[in-house]
Amino acid sequence: MAGKGSYESVSLFLNKIKPYLAMVSLQFGYAGMYIISMVGLKRGMNHFVLATYRHFIAFAVIAPFALVLERKIRPKLTLPIFLRIMALGFLEPVLAQNLYFVGMTYTSATFASATANILPAITFIFALIFRLEKINLKKIPSVAKVIGTVITVSGAMLMTFYKGPIVEFISAQASHHLTTAGATDKHWVLGTVMLLARCCGWSGFFILQSFTLKVYPAELSLTALICFMGALEGAVATLVIEHNMSVWVIGWDSRLLAAAYSGIVCSGIAFYVQGIVMKEQGPVFVTAFSPLAMIITAALAAIILSEQVRLGRDSLLKSYKLLRQNGDGVFGYGSLIWKAGFNFDERLVGFIKGYRRVFYQGSTDHRGTPEFPGRTVTLEPAEGEVCWGAAYKISKKEDQEIALEYLEVREKQYDKKAYVDFFTEPRATTPALSGVMVYIASPDKKLNVNYLGPASIEDIAKQIVQAEGPSGPNREYLFKLEEALLQIECKDKHVFDLANEVRRILSERELTAS
């Protein structure tokens with residue numbers, strides 16, 4: 001009898017801790033997703049495509065189990081339930097995940113996972129609104145929930161506006177980043193807003209899932225239907241927003257791994273496990289474990305992605321401070337010559353000294369893909385030479401902040417910033433602007449994985465003819481740069497010779513085709 005009692009006690013204990021073990025295990029799964037997804041996005045994968053493929057894979061894996069295991073208990077799919085599933089398919093698979101992917105590329109994997117700390121607080125507020133939770137301020141648990149919500153929201157705001165010292169998981173990697181701190185500081189306010197909005201969408205998903213499970217208590221079938229609708233709605237959104245069909249192409253690499261892993265683990269398994277736990281414990285319990293993912297992700301990101309792990313974020317953008325200290329302008333020598341994309345007070349045509357313009361930087365996110373990288377310009381130190389372009393003078397504090405946020409995203413594959421003197425007259429000894437900021441793609445392959453380096457003009461031209469990315473053909477970039485340089489009366493032999501070689505290749509192709 002004693003043995004039987006001990007067995008029942010152990011069994012009862014295991015049943016009690018099962019929800020906790022399930023949610024802790026999911027956090028390890030989410031941490032892996034943060035890292036693997038970041039690698040895929042850095043390889044140039046479109047975030048809409050990643051979210052769509054993710055849920056097609058999840059549906060393909062979960063649907064057979066749902067058909068076999070729940071064929072006798074699956075309720076009838078009525079129109080009200082179908083509409084709820086459509087809403088669930090949009091809230092998390094489309095809205096929340098795409099906000100997360102964009103926000104993570106604007107910031108970092110660690111920071112993206114850290115913003116999920118606010119998820120329990122938002123879910124608790126939604127649960128109160130929809131009467132899934134009740135508050136009695138005379139009881140300690142209720143007071144604790146209120147205090148925890150206030151602290152969590154305050155912590156999220158602090159995380160956005162303050163950055164502390166770097167936590168060195170591996171000292172060599174930390175010092176490695178200090179050389180380009182300005183380039184790696186991408187925790188922009190825009191990315192933070194997207195990540196917090198993602199938490200609102202994610203929280204809304206949990207609340208609606210909780211209600212739906214009450215009228216459709218078949219967890220596997222509901223998971224499969226949510227993934228199917230999410231994939232379908234995500235595909236429609238991708239086709240509307242991304243007109244270039246090349247974004248759908250992925251290979252047997254980290255991008256496929258990102259879609260498969262996140263689909264199976266973080267959509268298929270996670271939706272199912274969360275549904276089971278939610279039926280017993282409620283949506284607030286399910287979200288309470290999300291801060292654990294941040295800790296796991298921070299350690300993995302420091303080791304795998306060499307990210308800096310900090311105790312918070314700057315009061316304002318570090319680059320903005322540097323710009324205020326050094327000058328009030330931005331120098332463009334590539335596409336910035338003809339397309340600024342931000343407000344400025346004055347555009348000046350001129351040059352900087354000691355650099356030359358070269359087509360040595362690979363482009364996997366704008367004018368090419370990871371399989372067929374395009375080539376864009378960067379600066380190479382060259383004593384006695386000058387590089388002509390356009391400087392944009394920005395004096396207003398607000399305009400500077402907005403311009404820097406925009407440029408950090410646009411120039412994210414350029415890993416260094418320099419502050420240089422800008423001249424408008426060839427014979428001038430005094431610069432027109434001092435401390436003008438310029439983005440540079442360094443030749444350090446550890447810091448700049450997309451650096452391609454020098455090649456013959458024929459090989460560079462062939463690569464430019466072949467490459468095409470989300471922003472259009474690579475040759476369009478070259479011809480626009482050529483036109484922009486002609487307009488400012490700059491004679492850049494490297495650019496002009498390259499443009500002529502590209503035209504020659506295109507002409508030969510036309511003759512062959514005809």
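Backbone N, Cα and C atoms are what each Cβ position is placed from, and that goes for glycine too.
Taken from TrEMBL as is:
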DOMAIN    20-160  domain 'EamA'
TRANSMEM  20-41  transmembrane segment
TRANSMEM  47-69  transmembrane segment
TRANSMEM  81-103  transmembrane segment
TRANSMEM  109-130  transmembrane segment
TRANSMEM  142-162  transmembrane segment
TRANSMEM  188-208  transmembrane segment
TRANSMEM  220-241  transmembrane segment
TRANSMEM  256-277  transmembrane segment
TRANSMEM  284-305  transmembrane segment
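If you look at the transmembrane segment (20-41) against the transmembrane segment (220-241), you find fewer than three C-beta pairs under 8 angstroms, all six or more positions apart, and that falls short of contact. Counting residues 6+ beyond its ends, the transmembrane segment (188-208) has Cβ neighbours under 8 Å at 84, 87-88, 91-92, 95-97, 99-100, 102-107, 111-112, 115-116, 118-119, 122-123, 126-127, 130, 132, 156, 159-160, 274, 278, 283, 286-287, 317, 405, 408-409 in the same chain. Mean pLDDT for the domain 'EamA' (20-160) in this predicted model: 78.
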